[in-house]
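*Asks:* The structure follows.
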């Protein structure tokens with residue numbers, strides 16, 4: 001059914017406002033000392049970066065839920081499924097964002113964010129954003145059976161993200177988590193770049209119509225091959241072609257610049273290169 005001109009934008013605006021209010025209510029309940037307003041006004045940059053990741057993820061989810069659930073045939077039908085999928089996505093954003101940070105960056109990260117470690121805040125915020133990207137590519141539907149399929153693919157996508165992030169961390173001679181906990185902002189930029197870039201590629205892989213478990217999982221696995229393109233981005237394009245250093249299979253000049261020198265320029269260059277490569281491969285795939 002063709003939607004009325006303002007129907008979808010209005011639904012999107014209302015959905016976003018409601019989800020933001022729910023996020024704010026949850027923050028007041030679970031972490032009253034840290035809300036978006038208090039962190040911004042008091043200049044708590046580490047917590048503010050976490051909030052930014054959550055809010056960006058929420059906006060991505062909102063647009064995806066509205067686009068995937070609103071059909072325009074019945075207002076009550078649209079409200080029901082947008083509410084169901086939107087609430088589920090918001091809960092998943094907070095749960096998987098929190099668990100992912102603890103798994104990949106260790107339990108000490110929360111204490112470091114509380115202490116004001118900006119590198120820790122950036123890394124945590126990037127993981128919430130990556131979780132939002134994955135959810136935005138998979139959360140849509142108008143029935144309970146589809147919601148069940150969505151939940152399975154969300155879990156698969158999250159596990160895939162964790163696996164690939166851990167694999168790419170083996171390319172560095174330094175311990176990403178220790179560097180980030182040690183307030184190394186360059187290492188946090190590198191981590192944020194690879195995490196968000198991988199989420200873009202994995203999110204692209206999880207998109208599409210469900211055509212049965214075998215066919216869908218096979219297509220998902222084939223699409224993930226593009227994630228391997230991020231390996232030469234780090235070792236060849238950034239380290240060798242852009243920095244003019246000797247090519248190495250692991251470690252090298254880039255590691256020295258980020259871990260020993262804490263060179264922010266190198267961290268930004270690496271992060272942006274990952275993102276550019278992710279946009280390129282998802283565009284061509």
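For all residues, glycine too, the Cβ spot is worked out from N, Cα and C.
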*Asks:* Pick from 6-25, 26-45: which range has transmembrane segment per TrEMBL?
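*Replies:* Going through 6-25, 26-45 one by one, TrEMBL flags 6-25 as transmembrane segment.
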*Asks:* Would you kindly check 6-25, 79-105, 180-202, 222-243 and say which stretch has the most C-beta pairs under 8 angstroms to the transmembrane segment (147-168)?
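*Replies:* By the under-8 Å Cβ criterion, the transmembrane segment (147-168) pairs most with 79-105.
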*Asks:* Could you check whether the transmembrane segment (46-67) packs against the transmembrane segment (117-135) - three or more CB pairs closer than 8 Å, residues at least 6 apart in sequence?
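*Replies:* In this chain the transmembrane segment (46-67) contacts the transmembrane segment (117-135) - 3 or more Cβ pairs sit under 8 Å.
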*Asks:* Residues sitting near the transmembrane segment (79-105): Cβ under 8 Å, six or more positions beyond its termini, same chain?
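*Replies:* Distal contacts: 11, 15, 18-19, 22-23, 26, 53-54, 57-58, 61-62, 64-66, 68-70, 120, 123-124, 127-128, 130-132, 135, 139-143, 147, 150-151, 154, 158, 161-162, 165-166, 176-177, 180-181.
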*Asks:* Taking residues 6+ outside the transmembrane segment (222-243), which of them lie with a CB under 8 Å of any CB in it?
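*Replies:* For the transmembrane segment (222-243), the far contacts come to 160, 164, 168, 171, 194, 197-198, 201-202, 204-205, 249-250, 252-254, 257, 266, 269-270, 273-274, 277-278, 281-282, 285.
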